[in-house]
Amino acid sequence: MSDNQEPNFVKEESVVGIPSPLLKLKSWQWWVLVSINIFFLIGGQAASVILGRFYYNEGGNSKWMATLVQTAAFPLLYVPYLLLPSSSCSLKTMVLIYAPLGVIVAGDNMLYSVGLLYLSASTYSLICGTQLAFNAVFSYFINAQKFTALILNSVVLLSFSAALIALNDDSDAPSGVPRSKYIVGFVCTLAASALYSLLLSLMQFSFEKILKRETFSVVLEMQIYTSLVATCVSVIGLFASGEWRTLHGEMDGYHKGQASYVLTLLGTAVTWQVCSVGVVGLIFLVSSLFSNVIGTLSLAVTPLAALAVFRDKMSGVKVMAMLIALWGFASYVYQNHLDDLKVRRAREQALASRVDPPC
């Protein structure tokens, strides 16, 4: 494919259904944008999970604070947003879209915070791999994503992977966490994965059917306003639960000191925003399912990072669960490859019919 051809990734509807400004990009330019967002997603997700687990390991215990920092750094996004041309939609449309999505984000972040509190970073990441299976189902019903045999295989394998983790008696929960809390952590992380997948599909639906705007500023706008709503919900939860009263003592008793406490929370907030920009950017550039597939690559990054940083135990069951999950991931990637080949052949045939009309 030459550099003058448009990007031709795997959204098959309307020959990948990519917004028209993206069609004006050269292939290498489109791939640069996709690559940047992939880096943001994988790097941001791995770093934020490690920092979140570090917060709990060193004496942090506030679930609402851990939830709040996942969206609190959204004002940083105003810098690039203000530099880009934008045409905001009506206030009514913004409220109808961003308010419910923001509430879902806050609830999802809370479930993730509980899960990470009771699970090791590597186990948490493996369970998060089920997002791909959930998103395949939601994308089928909400975004008209095709559900092929290979995608079904991916769903089944990722479900088996999560089941292995759930049934593993030799759990590697953080010290002091009983088996009952480990199960709570597993259920919350699994529920968060399902809710997150629903959120991605709803975002894609909003981009394509409601907002219908074709600038990259819409990606930042989606992230800014949903994070604003989620942050407000988290602040309300922090005060309503009474956890705000314990924060001063938590900072004083933090094992690494007060400065480390503040830097850990700041670092977690920033890395979550980097991750979120990558997530929403890939939804805009490709699809919600592809965004979730790339997020699943953290299976190969976060557990290894956790092994190096926290000396997480990699039991035989966990290694088997990782291999099964990666097999499921590979099944979906291969399906993407087949779809891409199909789209290319359709383009080539269409081009040939225009160049060489029948006699």
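Even glycines carry a Cβ here, placed using N, Cα and C.
Because TrEMBL annotations are produced automatically, they should be read as predictions rather than curated entries.
Features of the protein shown, as given by TrEMBL:
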type     : residues : note
TRANSMEM : 30-52    : transmembrane segment
TRANSMEM : 64-84    : transmembrane segment
TRANSMEM : 96-118   : transmembrane segment
TRANSMEM : 124-142  : transmembrane segment
TRANSMEM : 149-167  : transmembrane segment
TRANSMEM : 182-203  : transmembrane segment
TRANSMEM : 224-241  : transmembrane segment
TRANSMEM : 261-286  : transmembrane segment
TRANSMEM : 293-310  : transmembrane segment
TRANSMEM : 316-334  : transmembrane segment
Most Cβ pairs under 8 Å with the transmembrane segment (96-118), selected from 64-84, 149-167, 224-241, 261-286, 316-334: 224-241
Within this structure, do the transmembrane segment (224-241) and the transmembrane segment (316-334) have 3 or more Cβ pairs under 8 angstroms, counting pairs 6 or more apart in sequence? no
Hey, which bits of the same chain come close to the transmembrane segment (224-241), Cβ under 8 Å, at least six residues off its ends? 62, 64-65, 67-68, 70-72, 74, 77-78, 81, 94, 98-99, 101-103, 105-107, 109-110, 273, 276
